[in-house]
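Q: Below: one structure in structure tokens.
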Amino acid sequence: MSNQEQTFIAVKPDGVQRGLVGNIISRFENRGFKLVAMKLTQPGQAHLEKHYEDLNTKPFFAGLIKYMNSGPICAMVWEGKDAVKTGRTILGATNPLASAPGTIRGDFALDMGRNVCHGSDSVENAKKEIALWFKPEELNQWNHHSAAWIFE
């Protein structure tokens, strides 16, 4: 299978509190992606500041960190063909009001500050985010037997 890659997807505290984790997992599984790592975690302020370090000069940074630190986060690594690009498509636009119906944000979110989930925006950032949130031994390598029925 060409363009096999991994992406980091996180269900943010609002998504966890609203009971959307299972639905979000289903969206990725139904599309044909393979879940290789998952944990429910409250990583703390320092970890979140590192994750969002590219936004640290933005006026909303402190509020973002406070919100992300307000409850558990479901951190996941998904693997498959064009996982980063397709994962972002499944999530929808960062601003839920600009997200198409049928996307996670288009179906479950209304406010940019409570947009339910995070997804890596590039292959390079996916690698960095996966390394920040997971140890190498937490990434499971297993055979996705339905892959033959999903990919040529």
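Count begins at 1; order follows the chain as displayed.
Cβ atoms are placed via backbone N, Cα and C, with glycine included.
Per Swiss-Prot, the feature active site, pros-phosphohistidine intermediate maps to HIS118; the stated evidence is similarity to another entry. If you look up Swiss-Prot, you'll see LYS12, PHE60, ARG88, THR94, ARG105, ASN115 marked as ATP binding site.
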Q: Give the residue from the binding-site residues THR94, ASN115 that has the most other Cβ atoms within 10 Å of its Cβ, counting over every protein chain displayed.
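A: When each Cβ's neighbours within 10 Å are tallied, ASN115 tops the list.
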Q: Determine the Cβ neighbour count for ARG105 (ATP binding site): the number of other Cβ atoms within 10 Å of its Cβ.
A: 23
Q: Between the two most separated Cα atoms in LYS12, PHE60, ARG88, THR94, ARG105, ASN115, the residues recorded as binding ATP, what distance in Å do you get?
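A: Answer in Å: the longest Cα-Cα distance is 22.
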Q: Could you state the whole-number distance in Å separating the C-alpha atoms of ARG105 (ATP binding site) and HIS118 (active site, pros-phosphohistidine intermediate)?
A: 10
Q: By a simple count, how many Cβ atoms lie within 10 Å of the Cβ of PHE60 (ATP binding site), its own Cβ left out?
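A: Other Cβ atoms within 10 Å of PHE60 (ATP binding site): 11.
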Q: For the C-alpha pair, I'd like the distance in angstrom between the residue listed as 'active site, pros-phosphohistidine intermediate' and ARG88 (ATP binding site), rounded off.
A: 9
Q: Tally every other Cβ atom lying within 10 Å of the Cβ atom of LYS12 (ATP binding site).
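A: Around LYS12 (ATP binding site), other Cβ atoms within 10 Å: 22.
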Q: Helix, strand or coil by DSSP: which one applies to ARG88 (ATP binding site)?
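A: Its secondary structure by DSSP: helix.
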